[in-house]
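Listed in Swiss-Prot:
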- 14-208: domain 'KARI N-terminal Rossmann' (DOMAIN)
- Cys45, Gly46, Ala47, Gln48, Arg68, Arg76, Ser78, Asp108, Lys109, Gln110, Gly158: NADP(+) binding site (BINDING)
- His132: active site (ACT_SITE)
- 209-344: domain 'KARI C-terminal knotted 1' (DOMAIN)
- Asp217, Glu389, Glu393: Mg(2+) 2 binding site (BINDING)
- Asp217, Glu221: Mg(2+) 1 binding site (BINDING)
- 345-485: domain 'KARI C-terminal knotted 2' (DOMAIN)
- Ser414: substrate binding site (BINDING)
Amino acid sequence: MANYFNTLNLRQKLDQLGRCRFMDREEFADEANFLKGKKIVIVGCGAQGLNQGLNMRDSGLDISYALRPEAIAEKRASFQRATENGFKVGTYEELIPTADLVVNLTPDKQHSKVVADVMPLMKKDSAFGYSHGFNIVEVGEEIRKDITVVMVAPKCPGTEVREEYKRGFGVPTLIAVHPENDPKGEGLAIAKAWAAATGGHKAGVLESSFVAEVKSDLMGEQTILCGMLQAGSIVCYDKLVADGKDPAYAGKLIQYGWETITEALKQGGITLMMDRLSNSAKLRAFELAEQIKKSLGFLYYKHMDDIVSGHFSATMMADWENDDKDLFAWREATGKTAFENAPKYDGKISEQEYFDNGVLMIAMVKAGVELAFDAMVASGIYEESAYYESLHELPLIANTIARKRLYEMNVVISDTAEYGNYLFSNVATPILAKEIIPNLQKGDLGEPTPAVEVDNITLRAVNDAIRNHPVELIGQELRGYMTDMKRIAVAG
């Protein structure tokens with residue numbers, strides 16, 4: 001198999017990268033009806049598999065789970081999750097032959113094996129679904145031509161897919177139809193019904209492409225969503241301790257700080273996050289963000305280039321063949337960092353204190369979001385997709401750090417995201433430690449920024465620069481579709 005994207009000519013590549021249309025709510029008037037009465041079999045019962053299945057069942061669809069015989073016989077976690085929630089469970093041979101839609105929600109590295117096992121069992125003119133297009137785009141998987149291939153990709157972890165649905169809402173979602181596999185022209189109808197069944201249509205759906213989803217998703221998770229948070233956590237904690245701060249306080253400030261400051265990001269973008277600061281602190285955060293951009297800009301664009309070319313995927317798949325040697329080594333090293341082993345702090349940190357004492361962290365968020373967004377757009381990805389894969393998902397990932405620090409983040413995200421995170425953070429961490437940390441001033445981290453005289457012209461120019469960045473302009477529009485967003489709990 002060959003990387004699908006690299007088999008396309010330039011016109012086709014640009015067309016696929018630029019597929020992005022925000023769908024009108026009226027297009028989902030039929031909701032999940034197209035799939036009602038059809039048999040839907042989900043392969044895999046992890047976070048996405050279970051929670052999408054629960055939502056789809058509650059939307060009136062016929063859902064069952066196909067698991068490997070050993071998972072059933074040994075009553076593994078996937079079997080227990082499915083059966084404890086009252087789902088029918090069977091082997092591939094028992095369930096796949098009668099399925100109208102088979103949804104593959106296993107980890108990326110298992111996709112080729114799953115396809116090889118289930119495709120011979122699938123009935124003629126059935127459909128096959130993904131929630132991430134890596135197997136199609138990067139691996140170059142070829143699916144039988146009578147099978148319709150679609151994607152529904154919720155832009156958040158599986159647990160949030162369920163929680164938002166239970167509230168009567170949903171999470172923003174990308175849908176796509178593989179252009180090589182839509183023999184009956186039903187792909188879009190299938191994807192729309194599936195998205196509606198998960199609740200995604202209530203938060204906004206982008207009609208995209210497998211290519212655009214994969215390239216933007218990989219970029220976001222490697223850089224701002226995971227890599228920048230990991231690098232920032234490590235260097236900020238080390239700096240606080242080096243400055244004599246209580247290690248327990250430093251650990252809590254970082255662990256819960258990302259979640260608290262990005263909650264403002266979720267509700268009102270970078271503008272609101274920066275508005276939580278005093279004028280003096282805002283100007284300093286803006287200055288620090290510009291310095292971070294200069295230091296890390298090349299790394300963001302390198303990751304984007306490596307993703308588009310397929311170099312990243314080839315490197316990671318080589319590690320798959322080597323039994324994930326690099327992945328496991330990097331995971332172990334992360335577990336040994338000082339931040340991961342910081343003592344517990346029982347004192348209270350107010351919401352505003354996270355902002356006042358975390359100016360450097362805010363600067364990292366601002367710089368990281370803007371760099372990731374700009375790199376994606378410069379590579380042909382539309383602004384809507386770039387927004388969802390940078391700013392929108394950041395509070396959700398920050399929430400995982402609040403639960404159990406970097407360990408939890410790396411457990412929740414996919415192995416693909418985790419591998420990319422390490423590639424980025426392993427380079428970004430020493431750069432930040434060498435070029436940014438030594439030049440910090442009093443009040444950049446761990447204590448409030450001293451008040452200085454601020455002139456109106458400078459403040460106006462900074463405010464204009466913040467509010468008029470393209471990620472803020474498109475974000476204001478897209479957040480209008482998400483007016484019922486749940487507020488993530490802020491720790492005390």
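Heads up, residue numbers simply count up from 1 along the chain you see.
Cβ from N, Cα, C; glycine included.
A simple way to gauge crowding: the CB of Gly158 (NADP(+) binding site) has 22 other CB atoms within 10 angstroms, across all the protein chains here. Neighbour counts of Cβ atoms within 10 Å were taken for the binding-site residues Cys45, Ala47; the minimum is at Ala47. The C-beta environment of His132 (active site), restricted to residues of the same chain at least 6 apart in sequence and closer than 8 Å, consists of Asp108, Met151, Ala153, Glu213, Val214, Asp217, Ser414, Thr416.
Sequence-ordered, the extra residues of this chain that approach the Mg(2+) 2 site, with Cβ no more than 8 Å from the Cβ center of Asp217, Glu389, Glu393, are Lys155, Ser216, Met219, Gly220, Glu221, Leu225, Tyr388, Ser390, His392. The number of other CB atoms found within 10 A of the CB of Glu389 (Mg(2+) 2 binding site), across every protein chain shown, is 28. Around the Cβ of the residue listed as 'substrate binding site', 20 further Cβ atoms fall within 10 Å across all displayed protein chains. In the predicted model, residues of the domain 'KARI N-terminal Rossmann' (14-208) average a pLDDT of 96. Sequence-distant neighbours of Glu393 (Mg(2+) 2 binding site) (same chain, 6+ apart, CB under 8 A from its CB) are Lys155, Cys156, Gly220, Leu225. Taking all protein chains in view, 21 other C-beta atoms sit within 10 angstroms of the C-beta of Ser78 (NADP(+) binding site). Same-chain residues at least 6 positions away in sequence with a Cβ under 8 Å from that of Glu221 (Mg(2+) 1 binding site) are, in sequence order, Gly227, Glu389, Ile413, Ser414, Thr416, Ala417, Gly420, Asn421. In this entry, NADP(+) is bound by Cys45, Gly46, Ala47, Gln48, Arg68, Arg76, Ser78, Asp108, Lys109, Gln110, Gly158, whose most widely separated C-alpha atoms sit 22 angstrom apart.
Counting only residues at least six positions away in the same chain, the Cβ atoms of Thr91, Tyr92 sit under 8 Å from the Cβ of Arg68 (NADP(+) binding site).
Neighbour density at the Cβ, taken as the number of other Cβ atoms within 10 Å, is lowest among the binding-site residues Lys109, Asp217 for Lys109. The DSSP breakdown of the domain 'KARI C-terminal knotted 1' (209-344), given as helix, strand and coil counts, is 114 helix, 0 strand, 22 coil.
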